[in-house]
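According to Swiss-Prot, the protein has these features:
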BINDING   92-99, 174-178, 238-241  GTP binding site
Amino acid sequence: MFDFFKKTAQNISNFLGGGAKQQIEKELLEEVLIEADVDYEVIEQLLQHLPQNITRNQLEVGLDRFFRGESYYDKVSLKDIPTKPLVELIIGVNGAGKTTTIAKLAKRYKDSGKKVLLGAGDTFRAAAIDQLKLWSEKISVDIISTQYGSDPSALAYDTINAGSARKMDHIIIDTAGRLHNQTNLKNELLKITRVCSKALNNEPYRKILILDGTQGSSSINQAKIFHEMLKVDGVILTKLDGTSKGGAILSIIHALKLPIIAIGVGERAEDLLDFDQKDFINKLLDSIFEVK
């Protein structure tokens, strides 16, 4: 899964030098984790009960304890929504990869035999509407769109009604990532969430935040703003094939207490992978202790 980790691993290899390591001094390991863009508060939490010279097994224990301490799979999980259609509102700043991620989700659902409808809800960017239309044609799923500058809440309402009438399994709705100021964006997004609830007769739906993985830990502040505003249900990290900041996943989990649903590792519609905690831990350990 975590082949994207090769850039993070290469960065660590350049830092440590080649050759497998039996153990690493705690101070050096701190520097390695900082190099991988792990937040210092998280590093302290990971290493606080470990000895001065740390083996792979000992760091694995620390990472396991971190995930348990964050209640990552005990309390923090993506809520199951049995109602149909399942509506997912896609949120995030422009440039984070929202439109491409929508296409990847849609293809995943379609390939599993589900009926999918897209909603081009970023009506303040003509390019966003056009891009989502192109993706809908490429992966052969239906789309509801409107003219540039139209009311995005009305588009969301129409998309949900159309999806219900057409017996769709999944509805995925794009949203704006930037308006003239943050207050306008907040008001617009809150309005869309109210309209979605109304169209669904107050049945639950998902709000998924898209974060640019190349931004690493610096994306956390914007994520907190969206989460405080909308109570996000989960996160998808994009562009992780092109970054050496793979360790930021730990920082994001710690800061947001939200499940990471999937990771984007390329531009193709197939390049969306489920996040797997154990695979992530193993690849991080490999990049530190099995340096090529």
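Just so you know, glycine gets a Cβ as well, placed from its N, Cα and C.
Known features from Swiss-Prot, placed on the structure.
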residue : record           : Cβ neighbours (10 Å)
Gly92   : GTP binding site : 25
Gly95   : GTP binding site : 13
Lys98   : GTP binding site : 27
Thr175  : GTP binding site : 26
Arg178  : GTP binding site : 14
Leu240  : GTP binding site : 25
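In this structure, Lys98 (GTP binding site) is part of a helix by DSSP.
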